[in-house]
Amino acid sequence: RPFHVEPTNIVSVNDDMQRVTDEASAMNKRIHYYSRLTSPADRALIAPDHVLPAPDEIYVYSPLGTAFKVDSCTDGYGKNSSLVTIFMIWNTMMGTSILSIPWGIKQAGFTSGVILILLMGILTLYCCYRVVKSRQMIPLPDTSNWEFPDVCKYYFGSFGQWSSLLFSMVSLVGAMVVYWVLMSNFLFNTGKFIYNFVHDINVTDIVPGTNGSNKVICPSAASDHPPQNRTVMFSSGNRTGFELFEEWWDKSKTVPFYLIAVLLPLLNLKSPSFFAKFNVLGTVSVVYLVFLVTVKAAHLGIHLEFNWFTENEFFVPEFRILFPQLTGVLTLAFFIHNCVITLLQNNRNQENNVRDLSIAYFLVGLTYLYVGVIIFASFPSPPLSKECIEQNFLDNFPSDDIMSFVARIFLLFQMMTVYPLLGYLARVQLLRQFFGNAYPSLFHVLILNLAIVGAGVAMARFYPNIGGIIRYSGATCGLAFVFVYPSLIYMISLHRAGQLTWPALIIHIFIILLGLANLIAQFLL
């Protein structure tokens, strides 16, 4: 008797087989991506356990060093929902730039600062959209595993390959330098708070500031005062111990060197994947910063006065010639272009990529706008001038401020876990290009890490201005990945298809010129 199979059962079996095939395909693509980041001898990014999709969890790792675990957010077949995709992009873009946004608004003027945040968000989103589409416009059968540097190599040959490597290294090393400066700052203030608290010491520096429990200070105004102009009250201990502590615990002369003992050994590890488990602290830190800003603003109130072109003692004009300093910071603040293809390739519904990318950019811009506007508007002017807003807005709160102390602790620990990951990515990209191996020997790795750490220490010692470092590195790497390459690739693709029009040509040449002007202006202002 012949075996009878219902048609519905056949459909069910075919659906199951298709799902297994889709799952295997997605897994192979992800394994292939990880294997291309490192050599066969180095297992740090080769198909780790969290690449295998599980029904209830998935780990997300981006090329910028952000890793986090998302529970119950996949369909069980290696695909992410739109909500997870949006969160991944938001979480990757939110970084140290948020600390300099209020300073950037001050440099540009309040009104022009708000406008520039909106315009730069729209412009970088459009260029990011062009990056996503660039791979789809290549007339080859399979480019599903290509990243943006592969696209640059296809269009520009070895020049595209090496130049994309150069600018990618600029972004990575620039981020590591900023991290070192900030870690030195946070470690210094944390150590100072703990020492003063343990020894019950009350130190009042000759620094302009407000009175009351929500004190705001102006550290830049204290540069004209010698360090001995202070009042020190000792409830216990002696003056000698305090002076010795201040000698050996200096923000720029000693603390940056102390970090070497902790971070240099971590950079030399073959596999830093352990630290990826802690990167969720980045999200916690951003959420806490938003909470801190909200609470501080509620206590300080709003202090705004609109002077459109004139400057007075306490307020800055609404439009200032220094506005390119903000655009340089924003270029890095909205920078995700060298890894956006990776973040979007596992989106469950590929047709929603543009929508999800736009929502993520909107949320990032909203976060930057909220923090920047609230800090600028609530900064107490008078008695302090808006010019007192620091490049790291946490520096406007004294080291004994409890909420700022908690924020510095969060950020310090989060940066110390991300720093080895950034160093590993720099090592993989650079050493593999020259030696074909991400870990050719301990000597090679040590030399590279000493150079990177040395750059961070030098900057923390002689140029601890994170706003300046961010805008220089942002404008430099942004020139290639945000403005030039996406526009050129789009114009070349249209030209080869015979679809290039004069309006498209003019618009994208104008975008390239904007990026070039943005970079040049950083060195003129």
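Every residue, even glycine, has its Cβ placed from backbone N, Cα and C.
Just so it is clear, the model here is predicted, and its values are computed rather than measured.
According to TrEMBL, the domain 'Amino acid transporter transmembrane' annotation covers 81-192 (among others).
Residues or ranges marked as domain 'Amino acid transporter transmembrane' by TrEMBL: 259-521 (among others).
Outside the transmembrane segment (83-103) by six or more residues, the chain places 58, 60, 62, 64, 66, 68, 70, 73-74, 117, 175, 178-179, 182, 282-283, 286, 289, 329-330, 332-336, 339-340, 343-344, 346-347, 356-357, 359-361, 363-364, 367-368, 371-372, 375-376, 379, 389-394, 415, 466-467, 470, 474 with a CB less than 8 A from a CB of the stretch. Residues annotated as transmembrane segment in TrEMBL: 83-103 (among others).
Residues or ranges marked as transmembrane segment by TrEMBL: 109-129 (among others). Same-chain residues lying 6+ beyond the ends of the transmembrane segment (109-129) with a Cβ under 8 Å from its Cβ atoms: 101, 304, 306, 308, 316-320, 323, 326-327, 330-331, 334-337, 340, 354, 357-358, 361-362, 364-365, 368-369, 372-373, 376-377, 482-483, 486-487, 511, 514.
Sequence annotations record features per position, and here TrEMBL assigns transmembrane segment to 162-182 (among others). Non-local neighbours of the transmembrane segment (162-182) in the same chain are 95-96, 99, 148-149, 152-153, 156, 256, 259, 332, 335, 338, 392, 411, 415, 418-419, 422-423, 425-426, 429-430, 433, 452-453, 455-457, 459-460, 464-466, 469-470, 472-474, 476-477, 479-481, 485; each lies 6+ residues outside the stretch with a CB under 8 Å from one of its CB atoms.
Through the fold, the transmembrane segment (255-271) approaches residues 42-44, 180-181, 183-184, 187-188, 191, 249, 416, 419-420, 423-424, 439, 442, 445-446, 449-450, 452-453, 456-457, 460-461 of its own chain, all at least 6 residues removed from its boundaries and within a Cβ separation under 8 Å. As annotated by TrEMBL, transmembrane segment applies to 255-271 (among others).
Counting only same-chain residues 6+ beyond the ends of the transmembrane segment (278-302), those with a CB under 8 A from a CB of the stretch are 65-69, 91, 94-95, 98, 214, 216, 367, 370-371, 374-375, 377-380, 397, 403-404, 406-407, 410-411, 413-414, 417-418, 421. Sequence annotations record features per position, and here TrEMBL assigns transmembrane segment to 278-302 (among others).
TrEMBL lists 322-344 (among others) with the feature transmembrane segment. Long-range contacts of the transmembrane segment (322-344) within its own chain (CB-CB distance under 8 A, at least 6 residues past either end) are made by residues 33, 62-64, 85, 88-89, 92-93, 95, 97-98, 100-101, 104-105, 107-109, 112-113, 116-117, 120-121, 124-125, 127-128, 131-132, 135, 146-149, 164, 168, 171, 174, 350, 353, 356-357, 361, 364-365, 368, 467, 470-475, 477-478, 481-482, 486, 517-518, 521-522, 525.
The transmembrane segment annotation in TrEMBL covers 356-377 (among others).
Summarising the annotation, TrEMBL assigns transmembrane segment to 402-422 (among others).
The transmembrane segment annotation in TrEMBL covers 442-463 (among others).
The transmembrane segment annotation in TrEMBL covers 469-492 (among others).
The feature transmembrane segment is assigned by TrEMBL to 504-524 (among others).
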Dominant neighbour of the transmembrane segment (469-492) in 356-377, 442-463, 504-524, by Cβ pairs under 8 Å: 504-524
Folded-back contacts onto the transmembrane segment (504-524), same chain, C-beta under 8 angstroms, at least six residues removed: 123, 127, 324-325, 327-328, 331, 471-472, 475-476, 478-479, 482-484, 487-488, 490-491, 494
Cβ contacts under 8 Å made by the transmembrane segment (442-463) with residues that lie 6+ beyond its boundaries: 173, 176-177, 179-181, 184, 252-253, 255-257, 259-260, 263-264, 267-268, 423, 426-427, 430-431, 435, 469
